[in-house]
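S.K.: I am attaching a structure below and will ask some questions about it afterwards.
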Amino acid sequence: MTVPCAALVLALGLAFGQSSQGNDEESEYSGQSITEEENSEDETTRSALATVTTEALAENVNSTHTNDTSNQVEFILMVAIPLAALLILLFMVLIATYFKSKRPKQEPSSQGSQSALQTHELGGETLKVPIFEEDTPSVMEIEMEELDKWMNSMNRNADYECLPTLKEEKEPNPSPSDNES
């Protein structure tokens, strides 16, 4: 940053120096005489400083161009890529909703649904027949069947575990201590 500032100060100094050199009449009145050698040396110095200043300004412009390029890359990374990702996501959602609405809606299956119709296939035709209450078991009937199964399994397992069965518990069996007395 100091090189561009120094180049700018040098360029301004040269500009003011040339404007004061343009007044030859003032230099004659001041009592100073400029010889041609001093004048040519002065011009050589000015041209050398001008080329150095131009090179410094060119470097400054090149570094600004590099900064602009990096700013463009940052802009692309920070704005353009997330925006493109958002557009792709939106496009995918729209396609999914389009295909979902285009697909024919299927009838829910009779199992687990509250549908009052049951499908039967006769030949090549499918008929929808209403489900009547006597055709479906109630919750209580299902629970009773499960309880019966459990009780039967308990009776079978009782023989192996040395637990008294229901029949043994119901029979009045005198205890051995009662027989001795």
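Every residue, even glycine, has its Cβ placed from backbone N, Cα and C.
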S.K.: Among Ser110, Ser177, find the residue to which Swiss-Prot assigns the annotation phosphoserine.
M.R.: Ser177
S.K.: Would you mind telling me which one of Tyr98, Tyr160 Swiss-Prot calls phosphotyrosine?
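M.R.: Annotated as phosphotyrosine in Swiss-Prot: Tyr160.
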